[in-house]
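What follows is one structure encoded as structure tokens, with my remarks underneath.
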Amino acid sequence: MLDAQTIATVKATIPLLVETGPKLTAHFYDRMFTHNPELKEIFNMSNQRNGDQREALFNAIAAYASNIENLPALLPAVEKIAQKHTSFQIKPEQYNIVGTHLLATLDEMFNPGQEVLDAWGKAYGVLANVFIHREAEIYHENASKDGGWEGTRPFRIVAKTPRSALITSFEFEPVDGGTVAEYRPGQYLGVWLKPEGFAHQEIRQYSLTRKPDGKGYRIAVKREDGGQVSNWLHHHASVGDVVHLAAPAGDFFMNVAADTPVSLISAGVGQTPMLAMLDTLAKEQHTAQVNWFHAAENGDVHAFADEVSELGRTLPRFTAHTWYREPTEADRAQRVFDSEGLMDLSQLEAAISDPAMQFYLCGPVGFMQFAAKQLVSLGVNNENIHYECFGPHKVL
């Protein structure tokens, strides 16, 4: 526990943190990667270049300082970060490295004096121990499961299937021929790659896209402009290649009773965690209402449409609606979509009126903000809205 003086000293630095903003974390990362370049093998350097990780870390530091007297308020954020850390296989000793560079950054940017540095050192130590403890629990849980493992495990690509102009699915089975751990629908896999030509090992998280079967895993990857890993997977990865996977993880997952109505709302590749949820609901013969609401640019980039239709036909109460923002002439001729333009949930108000309904959202942050705002305006409680950000977390 932190003493009152330490808490007061840390809270007194909040105005300085806010004034400095992500410049603080930019300095921190530049310093850390200069002194510990081996960490480039763990961190997503694309998120470093676009500034997303710097913003996410700054928000986390500011939130910790603001809630230092009420640590339970931070537990949801801790769980989200701890789950992601296990996908990167973060170890306790790496927290010491981060702590060293955080304190050095505060000193170099602000020269706040030893009392402030000591207070932040104590505060960081408490937070680091919370993460270390929770991550140890997750590692143990993953290793103890039937088909579970520690660290990473080699898997072979057994199928590679184009699903749209931008999205390709990959199926993996373990090289050792053993079973694989189950997961909750909505969770992701950590994919570890360092093909020839990569400057650093790259680790990415991709949502699992079907109900667990104990034999293997399936993900779907969108080819991003300039995306090193996604382009390698699309253009170079082949059936028979071996990749290393960290065990399934993530705090975003569906957990509902058979009589709970569910809405799965997505845009673009954000449908991937929803596919695992829909597959689970279908195979478990979910009895309550299930809605599938999806937005895509057009039919060329709309993946898994046939699979969704097939799964929907097995559910007793299923409603699907698809919006194309800019449908092609072929889309219009074939009528493969329901509405043109942006997603408008007021069109389906009757289908989402049950106050017990749980809503799961995934897609670009702007889309999720747009969809969540509509849901709230239609009377949905915020507590019933669950969402996943691909990349560093953002608050809707």
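Cβ from N, Cα, C; glycine included.
Fair warning: this is a prediction, and the values are worked out from it, not measured in the lab.
As written in Swiss-Prot, here are the features:
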- 1-136: domain 'Globin' (DOMAIN)
- Y29: site 'Involved in heme-bound ligand stabilization and O-O bond activation' (SITE)
- K84: site 'Influences the redox potential of the prosthetic heme and FAD groups' (SITE)
- H85: heme b binding site (BINDING)
- Y95: active site, charge relay system (ACT_SITE)
- E135: active site, charge relay system (ACT_SITE)
- 147-396: region 'Reductase' (REGION)
- 150-255: domain 'FAD-binding FR-type' (DOMAIN)
- G268, V269, G270, Q271, T272, P273: NADP(+) binding site (BINDING)
- E388: site 'Influences the redox potential of the prosthetic heme and FAD groups' (SITE)
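Cβ environment of V269 (NADP(+) binding site): L166, I167, A220, V221, K222, A303, G363, F390 lie under 8 Å away, each six or more residues apart in the same chain.
The Cβ neighbour count for T272 (NADP(+) binding site), using a 10 Å radius over every protein chain in view, is 27.
Here is what falls inside 10 Å of the CA of E388 (site 'Influences the redox potential of the prosthetic heme and FAD groups') among the recorded positions Y29, Y95, E135, G268, Q271, P273: P273. Sitting within 8 Å of the Cβ centre of G268, V269, G270, Q271, T272, P273, and not among those site residues for NADP(+), are the Cβ atoms of S207, A220, K222, S266, A267, M274, L275, C362, G363, F390. Closest to G270 (NADP(+) binding site) by Cα-Cα distance, out of the recorded positions K84, Y95, E135, is K84. For G270 (NADP(+) binding site), other Cβ atoms within 10 Å of its Cβ number 23. In the domain 'FAD-binding FR-type' (150-255), helix, strand and coil residues by DSSP number 8 helix, 46 strand, 52 coil.
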